[in-house]
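Undergrad: Right, I'll just put the structure down here and ask away after.
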2 protein chains.
Amino acid sequence: MASREISQAVIRRLPRYYRYLGELLESGVERISSNELSKRMKVTASQIRQDLNNFGGFGQQGYGYNVKYLYTEIGKILGLNEKHKFVIIGAGNLGQALANYAAFENRGFVLKGLFDVNPRLAGLTIRGVEIRMMDELKDFVKENDIEIGVLTIPKTKAVEVANLLVDNGVKAIWNFAHTDLNLPDNIIVENVHLSESLMRLSYNITRYNEEHEGK
Amino acid sequence: MASREISQAVIRRLPRYYRYLGELLESGVERISSNELSKRMKVTASQIRQDLNNFGGFGQQGYGYNVKYLYTEIGKILGLNEKHKFVIIGAGNLGQALANYAAFENRGFVLKGLFDVNPRLAGLTIRGVEIRMMDELKDFVKENDIEIGVLTIPKTKAVEVANLLVDNGVKAIWNFAHTDLNLPDNIIVENVHLSESLMRLSYNITRYNEEHEGK
DNA sequence: TAGATTGTTAATCGATTAACAATC
DNA sequence: TAGATTGTTAATCGATTAACAATC
């Protein structure tokens with residue numbers, strides 16, 4: 001089941017298809033045409049069919065797509081049936097928010113540890129997972145075969161910690177620090193730069209105000 | 001200073017330029033060529049010049065770009081010099097994380113209130129801002145001219161609350177709920193769908209594993 | 001002035017949309 | 001079978017990259 005290169009644009013849309021199909025499934029819809037889905041999602045039917053056909057023919061002429069089947073298949077493509085052990089570095093508000101975040105489990109992500117520099121947090125547990133101090137990080141990652149590190153620490157520390165994780169076997173980083181990590185090509189990085197999201201919001205408000213309040 | 005339509009691709013890159021220029025400024029770099037910046041940011045010099053020239057000619061032939069000037073100008077384009085009053089709906093871990101989030105202030109965002117359904121949070125303050133109950137939301141938004149609502153509530157409530165906010169004068173939503181809001185066209189929505197980010201991470205890990213561990 | 005580097009036009013590349021034959 | 005809708009090829013559109021004349 002090897003694959004041509006799939007464009008990032010397609011990959012970015014995949015989780016959104018998955019979400020909509022999940023909602024359809026919940027509301028008991030059995031089948032859907034690309035045309036009907038296109039209306040709900042506000043994308044073209046053509047794009048839906050093109051996107052899906054990167055991965056195989058999931059539909060049937062004259063019928064459309066079976067919602068449950070398509071949902072399951074996209075789940076497989078996204079790898080949601082596989083288990084991934086991860087740790088969170090930085091047990092502040094954001095780190096704790098993520099630790100409590102139920103979506104992890106549905107997606108196959110298993111939280112193994114939380115780490116922080118603040119000694120007052122040492123030994124506390126969140127959802128049964130202990131907060132440990134940073135000096136334990138290296139050994140913990142190695143011994144527990146941790147695959148993913150979630151970075152919710154200030155940018156000043158992020159690069160250093162990311163390198164430590166990678167040196168000890170971590171394969172992927174979910175990066176919430178406001179910096180680029182510049183890791184080796186074989187390391188997968190998914191950035192969540194909230195500050196950039198906020199600036200886009202600011203840009204759009206500003207542009208809207210300029211257009212509508214004269215000037 | 002009106003404007004042709006700027007593409008979303010350009011807008012998405014703008015905050016990243018701003019971040020890199022801020023770092024250059026901090027490290028005392030006075031001027032930079034598109035070529036040098038392109039090496040640091042790993043984009044083409046051509047793209048940098050094209051992007052910036054959507055907004056004006058900020059450089060000088062034979063010299064490059066003055067870092068401080070360009071930083072300031074991009075800040076203006078992003079509207080970071082303007083003040084925006086906002087409230088956070090949902091004072092759980094994520095809402096509290098955002099309330100404590102310093103970047104807001106640097107970007108001109110002023111937190112006016114936090115709202116939640118949990119009565120045990122009532123009256124608590126975060127950074128001097130009180131947590132209020134949801135039944136006060138409507139009047140509060142109206143009376144305080146709130147411009148932006150940040151939604152850190154479950155998706156089941158998000159659409160309803162978003163509509164309430166918009167009906168009472170809110171112009172923009174920073175949406176962390178896992179759903180699309182379908183608001184009127186004149187309302188600005190910036191989505192942060194963490195669950196989709198996580199699925200992209202999952203996809204990339206899975207694809208990488210498939211390629212490298214046989215199969 | 002000569003060298004460097006921009007701003008901008010032209011060429012290329014990739015992604016989206018349209019169209020339609022295949023087929024359930 | 002006739003109607004519906006896919007899968008896929010072709011056409012269009014937009015974004016990125018290359019090239020270079022303008023100019024500091």
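Glycine is treated like the rest: Cβ placed from N, Cα and C.
Feature list, courtesy of TrEMBL:
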- A:16-55: DNA-binding region (DNA_BIND)
- A:Gly90, A:Ala91, A:Gly92, A:Asn93, A:Leu94, A:Gly95: NAD(+) binding site (BINDING)
- A:79-180: domain 'CoA-binding' (DOMAIN)
Undergrad: Average the pLDDT scores across the DNA-binding region (A:16-55) and report the rounded value.
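TA: Taking every residue in the DNA-binding region (A:16-55) and averaging pLDDT yields 98.
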Undergrad: I'd like to know which of the binding-site residues A:Gly92, A:Gly95 has the most other Cβ atoms within 10 Å of its Cβ.
TA: A:Gly95
Undergrad: Return the binding-site residues from the list A:Gly90, A:Ala91, A:Gly92, A:Asn93, A:Leu94 for which some CB of chain B is under 8 Å from the residue's own CB; sequence order; 'none' if the set is empty.
TA: A:Gly92, A:Asn93, A:Leu94
Undergrad: Give me the DSSP three-state residue breakdown of the DNA-binding region (A:16-55), ordered helix, strand, coil.
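TA: Final tally across the stretch: 28 helix, 2 strand, 10 coil.
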Undergrad: Enumerate same-chain residues with a sequence separation of six or more from A:Leu94 (NAD(+) binding site) and a Cβ-Cβ distance below 8 A; give 'none' if the list is empty.
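TA: Looking at Cβ-Cβ distances below 8 Å from A:Leu94 (NAD(+) binding site), excluding near sequence neighbours, one finds A:Thr152, A:Phe176.
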Undergrad: Name, in the order they occur in the sequence, the residues of the same chain whose CB lies under 8 A from the CB of A:Gly90 (NAD(+) binding site) and which sit 6 or more residues away.
TA: A:Phe115, A:Asp116, A:Leu151, A:Thr152, A:Ile153, A:Phe176
Undergrad: In the domain 'CoA-binding' (A:79-180), how many residues does DSSP call helix, how many strand, and how many coil?
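TA: Summed by class, the stretch gives 37 helix, 29 strand, 36 coil.
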Undergrad: Of all the binding-site residues given, A:Ala91, A:Asn93, which has the fewest Cβ neighbours within 10 Å once its own Cβ is left out?
TA: A:Asn93
